Amino acid sequence: MAAPLMEKLADSLGSPEPAVRLMLSILIGYPFALVYRRYLFHESSTVIHLFHALSGLSLAAFNFGSQLYHSAVCILVQFLMLRLMGRTVTTVLCSFTFQMVYLLAGYYYTATEEYDIKWTMPHCVLMLKLVGLSFDYYDGGKEPSQLSSDQKKAALQSVPSLLEVCGFSYFYGGFLVGPQFTLRSYQRLVAGELTDCPGKPPNSAIPAMKRFALGFLCLVIYTIFSPYYPDSYYLTDEYEAQPFWYRCVFILLWAKVILYKYVSCWVIAEGVCVLTGLGYNGVVEGEHQWDACANMKVWLFETTPLFGGTISSFNINTNAWVARHVFKRLKFLGNKTLSHVTTLLFLTIWHGLHSGYVLCFSMEFFIITVERQALALVRDSPLLTKLSNSALYPLIYVVQQFIHWLFMGYPLVPFCLFTYDKWLKVYSSIYFCGHVFFLVAFLIMPYLRKALMDRMSFLSFLLLCLTSVATGNKANKHKPWIETEYQGIVMENDNTVLLNPPLFALDKDAPLHYAGEICGFRVHNGPSGSGSVQFEAVVLDRSTGEGLVRSKEPLDCESQREHSFTIQAYDCGEGPDGVNSKKSHKATVHVRVNDVNEFSPVFVERRYEASVPEGRLFDRIVRVEALDADCSPQYSQICFYDIITPNVPFAIDNDGNIKNTEPLDSKHQRVHTFWVTAFDCGKNRAQADAQVVVTVKPSCKPGWIGWTKRVEYTPGSGSIPLFPSLHLETCEETVRNIQATVELQTGHIGKGCDRDSYSDRSVRRLCGAVRGEVDLLPPPSPAANWTSTLPTLPSSDSSLVFSFNGSNHVAVVPDSVVSALSGDHFTLQLWMRRGGANIQPTTTQTRGNRKEEETIVCSTVKNDDSYSHYSLSVHGCRLSLFYWPDVAAARPVKFLWKLEQVCDSEWHHLSLSVQFPSVTLYVDGVTFDPALIHDNGAIPNPAPRQRMFIGACWEPEEKQREILNNTIPEVKYVGGYHGLLSGVTVRPGSVEPHSVVECLYACREGLDFGDLETLGSGMKVHVNPSQSVLVLEGDDIESFNRAVQQVTYRNSLRFATPGVRPLKLSTSLRCFNEESCLSLKQLEGYLVVLQPDAPQISLSGVGPHLARPAPEFEGPRGVPLFPELRIVCSLSHAVNTAAQGMEGGALMSDAVAHTLDGCEVQPLGEELNPEREELLVDMDVVRERGLEIINTTAYIAITGAESISVYEDVLRSVRYRLAKGSARFERRFRLSCSEMNGRYTSNELTLEVNFLHSLDSMYHPSHLLASQQQFLHPSHHAGELSGHTLPNPHRNSVVPGAATVIIMVCVGFLVVMVILGVFRIRSIHRRGEGARGGAKEGSSQWDDSALTIIVNPMESYESRMGICADNEGEGEEDEEAAESPDEASDDQRIIIKKEGRDGNARRY
């Protein structure tokens, strides 16, 4: 069915059916390219090779039917040659011979006298591809220094697979008509490397369409004009009857039209290559180039007036192939002309067996030679150069174009007419004008050069004539003449140089004696300044001018292979003395030293070692290499290697690659040792054989070796390597890229990771944030009750986490707080986690109403004379700030951010700095730029009323009348937030710097890399901002293993949060052979942070008792409770005392510098009576240090993260003061401190305050008591009491006689009262005397204020203290007892004690 359809289409177009099929096949390449770009670009190489091979085969079947087997056979044979014969010259020669012979046989059996489109047409393109493939594979085994830049780009390092060769050969963009491209370029196409946007299909649609349009235009021109200029017209009588000029012009126009047939096909096919990406040629001057597959330079083709320009613009890739693989590889011939002729001969045979091809390419050589001579003449002649740059050049250009296209069509006549009887008839009709023209030009060119280059002025010519007449009898009139250039060959270790052409000097004065004879040659330095000293030239025959060039000593090819110098001949002058001798011009001589096989191969190493896993066959186990010191490729190349040890399961190819012939078994034989030798191409054997040792390893399992599932971390140890012995085993698989991702999961530790567990306010202080922030979600208290209705969740750190359910959980900030937040410059900071924890959505939420925005903060504040409004909301994964600078006038602005962090249900820190109109957002310490939206539609103006909501916004009031009448309607919440919030603060004024924001978010734990300076070349390390994911990428396994072992975990917290952190290691490998690339499973483990050593906070320096006279407590400043307080924080750990010569073990405490976050002073027993007593703190010190204080009747709490010294200063300033006349007898206080938000607490320091009352005579009836006032306030007791100690109970006490009488009376009176059963006794106190014996005394307190009972206060103090007084106090009191034994016993006080209730320490 398809055949009749194609016949009808061909008839309608007026073209042959094969031509229509060919053009359709080229055009079908565009849909194929689109399929590849859309569906196969990211597929595996196998799928892409299969698609290209099948598509090309389908085109071959469509055009040639069953004859497609010809291409399949040649591809298969070529693949087998590469596989079986290796990288040898034999492979290249066999490939070239087979492919060329197969093509010529096809020409022989299918050729006719017409231009037929048969299977040989695409086969000639395929032949170049396959032969070039063998050359590129051979170049892959050479050292890079031996290759040119083009050869390096095309060299193949390994044998391609059969499917890869088929995809390369049948690629639809170049199978039928070209262009030529290398297998290496095709491999880069399949790998996705030929693109201007890595990882994506190339943006080549527009360049491809441009080439398609240009090719289609050329096709239209050919279709329109080709019927007017057919090839058959040359053979008609009508053509012969035309005048000569008409026949020449017809050739000119016919050549122009006929070439459009080739131009259109090549340009359209180039568009297919560009569309797939094969035409990508890198970036030049910032622009992407798509001319890698360009077969035509159309602009140059149309405008050049030169034959060479047309040839260089026509069939570019084929010409480049011939230049790279034929012309340049014939360099060993030593003659560029000979290489040129040989290359043209190859092109002649490659095109076909018709005589017309021979005549065409021979004429091309002749035309190019003449054109080069003409261009050199124009370049060297000042007159012609000036003429070519004059105003006459347009006329010259028209003449050039006429001659150019006339004689461009002249050699095309035999190219298109094929047989000699046809083209001979045409050439005869135009009288062989092309041959005549260029032959004449070739012959007169030397004379024309001489005439133009040696022209003289008329005066100089006349003077020359006169001189010639005057000296008409002079004999030596002419200079000798020699060739301008010579090529010479000399055998190594010889000195005779064979020149081509032979050295002959001619003189027009011959056969005159002397004047016509050549007396000698002179050798001069060459261009490089060397050569003349090694060579000399002698005259063999003076009459004929024959000479001989020879070296002064035998030459060594290995020292210098090529020599260049100049030579000059001189005649014998006018007599035997050589007077007036003349010299010829200087000719350049190039001498090449031919090598002799004088050296034998030498192995690079005497011993080669390799290790291979068992049970597999390898293409190459190890490569041995031998070098030959000879200079020529013939003798310096190693032709083959041989294993001389018999019966070993190994084989070696001609490139020295050793492979095993059978699977190796480590159990059968662990080590194989054998010997190899090498032969050069002159069959010289190596001087010494090389030993090869192959070790068979047990079967290898690819993967990570040395993985430890559990990693322990001791807090305070800095950074530790996570994988100190981990390394990747690939089992000899070649890997070109490795990427490993280490993930540390810390989301369950606090807010995403381990941070300082101080309060948010303390962290802000430690980070250096500017003070003045307002806490919008403070802990519930009588002063901050707007958060009391919000549910809270437990948190591992010190922050208070509030939960919002999206409906009725809303915090309404009081106006007194909102009024302090005016202005358009402020910083809003908060911790946020969308979704919350264990929060069930409401009914309306589950029905789909979650599409509305969720408002976090909604605020309207009053400025000087206006109101501004803003709201921070989330919607999906978008964060928006709606800001209204003036609700009455200005238009609102909406700032939008699209952030994954908003919707990932993880904790994130947001810091929004507003300096309107500038807004800066920091998420987890990273800056994000917003998108501005000015037009928000019809939005009602917010009411000018000051208020702020957290967790929702208010519904806009629709009735302004209610507001004007001061009737506030019931507030309805809209846009409820569903999630968790913590640390929501606003600080008006200047915004926070970036460093402070980073500090507030900073994680104290994370992944790190040990030493970046030791990172190997090609290695890359990337760590995300939270340092929970670290990515390593590289291409070298050894460098990658070293890098993995330097991945560390660090935790800068001295008291890190203990617990388990899951750890994952994911690995991705990319191999050169994607089909056999390794796939590694994800490794999972965990990092255990051990329990840190608990710090011991020790409070000391304060005695258990503080005794002061009552008036001191009633003073305006009271009495300091802890004037000599000392706070020490230490860590206790076990030490090995046995190693130090001590028995057993012990605990050692290391003093460390720590930060406290709170201390509390609490009265024990009943709370403070604010009318009678109070605790005072130096508020200047507190404010200076930035601490916070809570002073109640139950306790006084000082909070805030600060150093120990600061807390010591503040606590030493705490004073206790009593009101006048409200002195008590005793009050007890308890002091405790904590750090890390109460995680670690100090010892409880209890202080008992004793009030010493004075005995005044006006209060006592006995004059004896008044006489004792001298003992109440001795000066030295003030100092004694200030040390928080009282007199030592062990010292002697002497009581005066009067006091003893009074005591005895009181005791007797007490006994009488007990016997009478007086029930007014409040308490009975029993006291014992000291160690030297004391009498028991009882006393009771009467409610009669007129009765004063006098006791020795030291006795009650001694009975309770015992031996617990500190040693320092004992020493001081002993000294004073020795000086004044009577004074202490006379010091008496009244002490009234009352036990109070204990209270528990608080956490901050």
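Keep in mind that glycine also has a Cβ here, set from the backbone N, Cα and C atoms.
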Range annotated as transmembrane segment in TrEMBL, from 46-62, 454-470:
46-62
To the transmembrane segment (244-263), which of 20-39, 92-111, 212-229, 333-350, 428-448 is linked by the most Cβ pairs under 8 Å?
212-229
Per the Cβ filter (under 8 Å) with a sequence gap of at least 6 from its ends, the transmembrane segment (212-229) is approached by 13-15, 23, 30, 250, 253-254, 257-258, 260-261, 263-271, 298
In the domain 'Cadherin' (604-723), how many residues does DSSP assign to helix, to strand and to coil?
4 helix, 53 strand, 63 coil
Using a Cβ cut-off under 8 Å, which residues of the same chain at least 6 positions beyond either end of the transmembrane segment (428-448) come close to it?
239-240, 244, 247-248, 251, 363, 366-367, 369-370, 373-374, 377, 407, 410-411
Please work out the helix, strand and coil residue numbers for the domain 'Cadherin' (482-603) from the DSSP assignment.
3 helix, 56 strand, 63 coil
